[in-house]
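*Asks:* Heads up, here are the entries from TrEMBL:
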type	residues	note
DOMAIN	148-276	domain 'TFIID subunit TAF5 NTD2'
COMPBIAS	323-334	compositional bias 'Acidic residues'
REGION	323-375	region 'Disordered'
COMPBIAS	346-357	compositional bias 'Basic and acidic residues'
REPEAT	405-446	repeat 'WD'
REPEAT	478-513	repeat 'WD'
REPEAT	520-551	repeat 'WD'
REPEAT	562-603	repeat 'WD'
REPEAT	604-637	repeat 'WD'
REPEAT	646-678	repeat 'WD'
């Protein structure tokens, strides 16, 4: 509201932040000084006292309570993340903040001018002043106006290149990270200011020097040759509005700063200050190999601050109930006939230990559905199966059963298998969803209402009687989508099935009647992936609109919208305790979101291509991710660190799955192979001391071949899905492609 706005304006003026004040005034359409201090109430003015540096007294309580209501706060920490998170905010956040040496220094500390910008942001959004769907392109691009002499750009860049290449080895690797973001911004600046021939020659001269993993981005960039092209280009706008993050040691940074100031190379210094966020750490500079492992995403690395929040990665306590023993078990255990609590000898395999995991979230942190009787029966079955589970390891690899979809000329685009391995579903490019039974038991629908009224509800086999034998078949086809089906997921209780499609909807199907119950409309563009929570009820979807949405089956609107990725959300996964969701994106980052408040609690960078598969380890501590670069990366969730890199696949990794006890990681790829990796060895004796966590000095083994336990080729079938049965048999699926 106006009162709040005036309070902020007056504070900006008092702090000598004239530029920010002007911008906020323009955005809020408040012109002229006549609206200045006069309109402020005494309470409003009083609340703004206090020294400049004191963040606490920046804005009075009343203002703060209003600010927190604004959506901007929920999205991310600093201005840079706000800017990248939501297109509507870009116009405000692209303000060039106060220039000068202090701007890029002491990274990691949240500066006052940032804070104000951030508040300005929150007000502009909360007050309903900036109401725009698209980012205000002219505002975003106008930062490119203060230009130097176009003919000198090549000289500036080659001067810096020469300086970096001649610096000491230890600094060279770190400073080389500057090449790419500077190249892009200088090129865009030339294009924006309509020096087309200079831009073209600049691009041709230096684009070959960039790292190979930026090739795709450079291809997009090379097509932007006129100012008009920049208007609608999303990649371009992202690059402009989100600061590119570089992690550099203090020594390397001082070296760079000295060089640029001596040379009076203002053009480059301006770009460094305005468009880059330099995250400075104290300590040894990182080696080329350490940097290469972590960089490659659209917006550079994650800030260290982004991975500091506490994450409850432990598992929830299993509910306790009695498990009657089978006859065969009784003989084995040598019991008199009374049922007893099942306590298998192999405790680690059977029932989960009963004490609360210290890293687990509180049991009631998010509301989870009550266990029905059928769920309890299923848990009992699960425990019995678990007792017969094969202990896997390097000496004992799983058998693999491969389901090949033959003659799938409809185009297989998604697969899922129920937890008890009784059904398999395929999503197809012809917009159908097909469900098969994997057991001799055929799929049957419930009888019609008229027939159901004749059944004796009290009989013991009422659940059998309600099924209609006439409908029994091995395959059911579900029609309803109007575009290719890109994701499918069974509910844990096997009563429901989710499918998401290019048509922008997620559909919930009943597996009792094989009909569609609900169509969830929220995404306006293709939905690439969807998955049920391990406890049922909740599910997540991610799509081309760059956000992931959390839904509950009985709400037709999403409960949470997770915004922050700079490109399509290509894959989604629930953490085993259902309190967190991992999303992989075409911006080449993986984010972990807190279901409770919608915050992003982890950002993992390191992949060099869009991410297509995610898998949490059964104990909830680790995450494996696979992408188009053919690498599988392993992450420690608690410390927010990369702890492993599995190289071997030569094409996109589309499927990842840990065995039931977490000893083995299976990966399936478009290169027609399934590979098995030793997960125990990959995660043992990890270096997660404070120094590593603070600076990201990760030491990955040179080659991952000693972790590779086996490679299994198919004739010509890309692997789309992997699943470990309750007894640790590995099921794989894909469609035969006749090359």
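Note: Cβ is positioned from N, Cα and C throughout, glycine not excepted.
Relative to the rest of the structure, where do these features sit?
*Replies:* Across the domain 'TFIID subunit TAF5 NTD2' (148-276), DSSP classifies residues as 100 helix, 7 strand, 22 coil.
A Cβ distance under 8 Å defines the sequence-distant neighbours of the repeat 'WD' (405-446), meaning residues of its chain 6+ beyond its ends; these are 378, 381-382, 452, 466-469, 471-490, 492, 494, 497, 499, 501, 503, 509, 511-514, 720-721, 723, 725-726, 729, 731, 733-736.
Beyond its flanks by at least six residues, the repeat 'WD' (478-513) meets 372, 374-375, 378, 411, 413-420, 422-423, 425-435, 443, 445-446, 519-532, 534-536, 539, 541, 543, 551, 553 of its own chain at Cβ-Cβ distances under 8 Å.
Summarised by DSSP class, the composition of the repeat 'WD' (520-551) is 0 helix, 19 strand, 13 coil.
Summarising model confidence by region, the repeat 'WD' (562-603) averages a pLDDT of 94.
Remote same-chain residues near the repeat 'WD' (604-637) are listed as 213, 216, 293-297, 300-302, 311, 313-315, 359, 567-568, 570-577, 582-586, 588-592, 643-658, 660-662, 665, 667, 669, 671, 677, 679, 682-683, 686, 688 (criterion: CB distance under 8 Å, separation of at least six residues from the stretch ends).
Only residues 6 or more beyond the boundaries of the repeat 'WD' (646-678), in the same chain, are considered here, and those with a CB under 8 A from a CB of the stretch are 348-349, 386, 389, 391-394, 397-398, 400, 402, 609, 612-619, 624-628, 630-634, 703-705, 707-724, 726, 728, 730, 732, 734.
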*Asks:* Which residues, given as numbers and ranges, are at least 6 beyond the ends of the repeat 'WD' (562-603) yet have a Cβ under 8 Å from it?
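*Replies:* For the repeat 'WD' (562-603), the sequence-distant neighbours (Cβ-Cβ under 8 Å, at least 6 residues beyond its ends) are 74-76, 81, 84-86, 234-235, 238, 242, 296-299, 302-303, 306-307, 309, 311-316, 360-361, 365-366, 368, 528-535, 538, 540-544, 546-550, 609-616, 618-620, 623, 625, 627, 635, 637, 640.
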*Asks:* Helix, strand, coil residue numbers for the repeat 'WD' (604-637) per DSSP?
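*Replies:* Residue counts in helix, strand and coil order: 0 helix, 19 strand, 15 coil.
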